[in-house]
Number of protein chains: 4
Amino acid sequence: MSEETYNAPTEIKELEIFNTIELEDYAKEVMPHGGFDYLAGASGEEYTRKRNVESFKSKGILPRVLADVEFPETDTKIFEHDLKVPFIMAPIAAHGLAHETKEAGTAKGISEFGGTIMSISAYSGATFSEIEEGLNGNPRWFQIYMSKDDQLNKNILDEAKADGATAIILTADATISGNRDRDDKNHFVYPFGMPIVSRYLTGSGENMSLNNIYAQSKQKITPKDVEFIKEYSGLPVFVKGIQTPEDALKAIGAGADGVWVSNHGGRQLDEAPGSFEVLEEISEAVAGRVPIVFDSGVRRGEHIFKALASGADIVALGRPVLFGLALGGWKGVKSVLEYFEEDLKRVMQLAGAQTIDDIKHTRLKDMNNWQ
Amino acid sequence: MSEETYNAPTEIKELEIFNTIELEDYAKEVMPHGGFDYLAGASGEEYTRKRNVESFKSKGILPRVLADVEFPETDTKIFEHDLKVPFIMAPIAAHGLAHETKEAGTAKGISEFGGTIMSISAYSGATFSEIEEGLNGNPRWFQIYMSKDDQLNKNILDEAKADGATAIILTADATISGNRDRDDKNHFVYPFGMPIVSRYLTGSGENMSLNNIYAQSKQKITPKDVEFIKEYSGLPVFVKGIQTPEDALKAIGAGADGVWVSNHGGRQLDEAPGSFEVLEEISEAVAGRVPIVFDSGVRRGEHIFKALASGADIVALGRPVLFGLALGGWKGVKSVLEYFEEDLKRVMQLAGAQTIDDIKHTRLKDMNNWQ
Amino acid sequence: MSEETYNAPTEIKELEIFNTIELEDYAKEVMPHGGFDYLAGASGEEYTRKRNVESFKSKGILPRVLADVEFPETDTKIFEHDLKVPFIMAPIAAHGLAHETKEAGTAKGISEFGGTIMSISAYSGATFSEIEEGLNGNPRWFQIYMSKDDQLNKNILDEAKADGATAIILTADATISGNRDRDDKNHFVYPFGMPIVSRYLTGSGENMSLNNIYAQSKQKITPKDVEFIKEYSGLPVFVKGIQTPEDALKAIGAGADGVWVSNHGGRQLDEAPGSFEVLEEISEAVAGRVPIVFDSGVRRGEHIFKALASGADIVALGRPVLFGLALGGWKGVKSVLEYFEEDLKRVMQLAGAQTIDDIKHTRLKDMNNWQ
Amino acid sequence: MSEETYNAPTEIKELEIFNTIELEDYAKEVMPHGGFDYLAGASGEEYTRKRNVESFKSKGILPRVLADVEFPETDTKIFEHDLKVPFIMAPIAAHGLAHETKEAGTAKGISEFGGTIMSISAYSGATFSEIEEGLNGNPRWFQIYMSKDDQLNKNILDEAKADGATAIILTADATISGNRDRDDKNHFVYPFGMPIVSRYLTGSGENMSLNNIYAQSKQKITPKDVEFIKEYSGLPVFVKGIQTPEDALKAIGAGADGVWVSNHGGRQLDEAPGSFEVLEEISEAVAGRVPIVFDSGVRRGEHIFKALASGADIVALGRPVLFGLALGGWKGVKSVLEYFEEDLKRVMQLAGAQTIDDIKHTRLKDMNNWQ
């Protein structure tokens, strides 16, 4: 599979979205098979991927009435950024699989929506300058996959900083690839290069498998890497992929400025809990010392609400945005973000929460037999 | 979709009912698609709608024997009304979707059955006087959707009172519409007007969407509204849509004369618990200070029994009655009510409860793995 | 439907049984539709019927090794009867639906198997003397459905005693019929009379519905009835249909000589727990004062084992025996009983129990997520 | 069915394995029906067989990050053997059903993989010397099914010892056959003899059913047999089939040198817990006094990880290896072992465990609603 033969979708249009679950089915129809499976798939039997979404049902929202709510307010703040919504874009590799405009398309959708942050993946298929064409000054964070060579890491951080990144996300749960059956069966290789990390690859990234690329990145991610990134970049550092209170404290101890609760959308270790299932205990351990970003499985306004009520400060969106990109380019991305904003506001109104802070003080109900 | 093109069912006949679950399938065959989906559907993925019915299985009825029961007695009392059964008609909008006789058909079915109460929705498609033709003096309560203009609310309350309403039901869980995918996909609009609330709509209600109508009603429902309605009408006030002990106490604190436990049949906030799942703890908080009406998910005599054994004083019936209306007009409504009466009596005999009070003192068994 | 048009199976043959679950499917092929549905069906949505079987999975058998077991011994004792197996035949109405030889066929299968007890239902389609032709002196208990007229009850008890019944089973959970959808939809009526109870029916029982027959029996079953039967018959009395510790103690308090834990195979009150789910707490309340018979849902040797390990002294078999009757007449009945004996012995060997007493002292494991 | 008519697969090739669950489907296509059902099937409704695999989901692996892991090390030790992986081959009868090379094929696959142990079943279809052709000096343990005649047992132990067995596995959970519906329906008999135990059979084993063969082996397995084997052979003895802490202590009390937690792949007693469900409590009782081998249901690297983290020292693989044998002869066996090695290493990297000891000190998360 090469760039010549990979025909990424090209359409740019607004989407009428009833729910983001269905977007996956629609995206499947327009995306090349291998690219779709890469994006939609996960590791093992994809139990954890499915459980990410389903385990939100382990807690029920209790609608509160007589609550004096009207036109709920979704604005919040993370570090220096004033956000109009409590969700941002999660880092995802290779947007070019979903749309020919690659990360620049996503970026434009985000900047047109406004009031939120784009996470740029080191495994981006677009260059920083290409992405900036779409992002147009919008705030961005940079997610690093580290090289085994720290000099190269410095180079990457230099570039990211020059590009305007205001925080670095260290993805710590992906030192190698999970066992992604779909990709293995499809013999999937990236149809284009990865300009940001190609400096440490034996090639551009094009025609390379995920396993191969991961193998050339750094495996031994330790607290020292947190310190290194923080010191060298001078930027706040998130450790992404936290699933235990122990690791949250370890990250904070190493100087992390934020904890990013995620299981990589179920793409790394299967038979792990749903990410939402571990959020509350992590939040209790963190106890407000640093902000918590949460991702994996978010598909509805209810999910954002539940994550915030369980201790998250910000929710990151992944696959649904990419499916929107596949279906409508930057306009599709914007439609997805607008859907989440509207859906969250509806949930807030019905749940009786005027503000994000109200959500954080909402009691959820533990549900039995939620499957 | 307009009144001209909406062909509501017209048949009037008694129904042979084996169980009310099946009525939905039969109603689907005779009702126009959009109307059926509006009535049968709910919000989101309709998880809460389904859980409403299924969660009754979270408690098992323990049949009691040697209990000296014969010809169980279902009569009970709520305020000044002597009822022959512990169930009443829940407020539902737009009965005209189910049958050309609209709310008047339901009303006639209820009055012919006798010994129970009709709740008239502010979103009725019939006028008070049209409904009275069927209700024929039968007791009725009025459910208000408030205008943003209190003068209009006074006018509505005046009319309801003049019509003979003996209590006002303030629906507090529906300040906006839930995200009803089916309606959105069908681009559903009401095919007829809503004469009671049209005074505060930018139109009659005809050809308007649910979202639109809700948006024109009042969002900021607060304890003050309870006080206002109570003071202005001089009638007992129920707060409908209670799902937490906290809100039950808040409503009582505001002067509510009754708590109406409901999640609106799962039509408002999805991923909320089944309504039955929250009943017991609310009942314990209310502790008998005011009566509790319960709705959402009731399909069988067993469900009525379980709700009463978990603290409800009265159970309100919704969709099954409307499906009966669709299938047989007023006679269908009467058949549904008769079915519930007969089924409840059978359950009481088999469970060893001679009276409603016996039911209230029956121990249920917590069930594991009830799905 | 009348005796002329009901073509009950007639074949008499041994059965090769792999498991009794499948017998239902095979019986369905040979029995008239209405008769099969009557026998296989239950009340409501048949949730409790299904849960009866499934809830055995709520406890797991822990295989015990190094246990010195060989040729496990299944003999036990109940009152004056030495049994070769810890299971007996449960009382079931109208065996003639399954086979033209009616209860006499079942009786012959039992007596040829030997070492167990037949329960004769008052709703038998055969007379005592017809049954005796097959039973041939084998021990039997008599299950009474009481008339509203105690003189008639005395007559029935006289007959049962004259026939040689050594205990009376008072069925207390069936004062009326459950809501059996299948029968109602089939407009099922018995195709033959019920000679034992016809004295209190307005007819022979033929062409009468179950609802009708139950309605003519006694509803107000109380502790006085236990006393009456015990005193008049001078025989030990079981109260059948016990599902709570409270009722077990009530029955014992009224003089019952045995507690029969049963929910009538799910045929009476739906949305009740599986019968196995309530056994242990009843057994703890009874505390050995009287023997416990258990039925409802037993399909495998494992089920017999679990019931005995949870406090039952004797297990009663129902539907599987009748399906065997349908498929092979008395030889089919014998095959079913032999299957259970063999299967129980296999389970005992593998579980490490040499005797019935060993089973009673076996620890089971509480299982989570057993569905 | 005889050796002439049983056409076992003959192909020898490497396998591309994505996961071992699928191997079963592929093996079904190449194996004769009766042989496949024998191998894939289990007892009763095969609930325990399925639960063996599914119950691994009752605990979730919590991925640990910042863990300084690279090139995880899977080497471990059991008795005098240095293993390169923490898994070995479980004893399984009649490999000849899967491949014409019988146990010799499996043995060659194992020895070519190296660094692990083969368990040779007494119900092997190949002789010790035939197996040695494939095993080629690789370590092996011998699993005995005892004769009722201890002299014959001595002969068997003499042979096994002469063959180089370094431990004896006493299978204690299979004193008779489980009720294997598939085999019974297929009227399955072994198509070839069992040279090791034929000395105590009334025939060679060929054309004999499993029930028949088990019946001729010893049923009364007791602590004395542990002592006898240990004393006579002078080798370490495992008791295989332990499912309770009580039996683990009983075995150790009898002198067992290792506890083998297994429910025989669900082939013996159905409606028993999944083997993984009982591992932790057994491990706590054993408290490190002797090593624990675990089998039943292992299909993924995650399962090996979870078993080790729950107290097992070594995991034994069964059906997946035989399916590999069916599909590719010794090369297929080697492919399966390589798959497990690679998959375990991937899990270790992602879970943050550098060594087997790290795995043993990993906390798992109790999962609710894992089905």
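Even glycines carry a Cβ here, placed using N, Cα and C.
Pulled from TrEMBL, these are the features on record:
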type	residues	note
DOMAIN	C:12-369	domain 'FMN hydroxy acid dehydrogenase'
BINDING	C:Y38, C:Y145, C:R180, C:H264, C:R267	glyoxylate binding site
BINDING	C:91-93, C:S121, C:Q143, C:T171, C:K240, C:S262, C:295-299, C:318-319	FMN binding site
ACT_SITE	C:H264	active site, proton acceptor
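Spacing of C:K240 (FMN binding site) relative to C:H264 (glyoxylate binding site) is 9 Å (Cα to Cα, whole number). Taking Cβ-Cβ distances under 8 Å and a sequence gap of 6 or more within the same chain, the neighbours of C:G297 (FMN binding site) are C:R49, C:R51, C:N52, C:V53, C:S55, C:F56, C:G265, C:G266, C:G274, C:S275, C:F276, C:H303. Annotation for C:R299 (FMN binding site): same-chain Cβ neighbours under 8 Å, separated by at least 6 residues, are C:N19, C:T20, C:I21, C:V53, C:P320. Using C:D295 (FMN binding site) as the reference Cα, a 10 A cut-off selects C:H264 from the binding-site residues C:Y38, C:Y145, C:R180, C:H264, C:R267. Pairwise Cα distances among C:Y38, C:Y145, C:R180, C:H264, C:R267, which the record gives as the binders of glyoxylate, peak at 19 Å.
In the three-state DSSP scheme, C:Q143 (FMN binding site) is classed as strand. Counting only the Cα atoms, the space from C:R180 (glyoxylate binding site) to C:Q143 (FMN binding site) is about 22 angstrom. Each residue contributes its Cα atom, and for C:Q143 (FMN binding site) and C:H264 (glyoxylate binding site) those atoms are 13 Å apart. Neighbour list (C:R319 (FMN binding site), Cβ cut-off 8 Å, at least 6 residues apart, same chain): C:E24, C:L39, C:A40, C:I92, C:G265.
Long-range Cβ proximity for C:H264 (glyoxylate binding site), meaning a same-chain Cβ under 8 A and a gap of 6 or more residues, is found for C:T171, C:D173, C:A174, C:G178, C:G241, C:S296. Taken as a whole, the domain 'FMN hydroxy acid dehydrogenase' (C:12-369) shows an average pLDDT of 97 in this prediction. Here C:P91 (FMN binding site) is positioned 11 angstrom away from C:Y145 (glyoxylate binding site), judged by their C-alpha atoms. Taking a C-beta cut-off of under 8 angstroms and a sequence separation of 6 or more, C:A93 (FMN binding site) has the following same-chain neighbours: C:S121, C:Y123, C:S124, C:G125, C:M194. Around the Cβ of C:P91 (FMN binding site), the same chain contributes C:S119, C:I120, C:S121, C:W141, C:Q143, C:I169, C:T171, C:K240, each under 8 angstroms and 6 or more positions distant in sequence.
In the three-state DSSP classification, C:Y38 (glyoxylate binding site) falls within a helix. The 10 Å shell around the Cβ of C:Y38 (glyoxylate binding site) contains 23 further Cβ atoms across the protein chains shown. Here C:R267 (glyoxylate binding site) comes close to C:G41, C:A42, C:S43, C:R49, C:A174, C:G178, C:R180: these same-chain residues lie at least six apart in sequence, with C-beta atoms under 8 angstroms from its C-beta.
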